[in-house]
């Protein structure tokens, strides 16, 4: 098998006679570009892959315009892991470690005592934040518990990370009983059992329609057009310049003196470097002063 047209794609589908909806996503370049600028331990790479898949699936199932942040905070060797996504399936991820992490470390060994925080920020409407105890062995199980508690909807996730043809890849399936109350638990359990039979090479290597046929060839499945996923940082020179202006000018001048007249800032997410001399900083300050005068 070889890479297919469905790399970096998310598909939604509906089981017509079961009142269950589903999603499938595979992250190829979306995942590898997240890892390119960091030397994360293998276990952290896998965790970020799982979180990217989960965020992609969550963003698609909630059907709103805005952003979702899935964040892990703990007191273990992995201090922080965070993924941001939006309705355009633009994703980014970041992790911070504070001690060595073995390649085969479990979630609890990495996190220690920690929580999973899901922040939903619609462009229009109220923000929502859910906090979930990381008291289960995997992210998948914690998220399934989240859906039961917050949405009262049976939800099943399959999330895998690994390598395919020498490249990092992450993929997943989501099944959810329809929120209109017409779904039957036994139908959901049947489809969930079938989903668990998926092999890594199928999830990572098949096109969506072939994968769904292999899993659900006796079902009537309506597949909707795909949505592309991509790594998207969103950093910019303007944002970095404005971040410098959060400091007092006296402190900025001291930094310029210490750094031979040039302040450099590197994006923690994508690794892009931005350089600012005194003239550039003053240009940003003048623009900020104008906006303040206009009340913007």
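From the backbone N, Cα and C atoms, a Cβ is placed for every residue, glycine too.
What Swiss-Prot lists as disulfide bond is 233-235 (among others), and the listing cites sequence analysis. Other C-beta atoms found within 10 angstroms of the C-beta of residue 235 (disulfide bond) number 18, with every protein chain shown included.
The feature disulfide bond is assigned by Swiss-Prot to 267-270 (among others). In this view, residue 270 (disulfide bond) is surrounded by 18 other Cβ atoms within 10 Å of its Cβ, with every protein chain counted. DSSP classifies residue 270 (disulfide bond) as coil under the three-state reduction.
The C-beta environment of residue 233 (disulfide bond), restricted to residues of the same chain at least 6 apart in sequence and closer than 8 Å, consists of 92, 267, 269, 270, 272.
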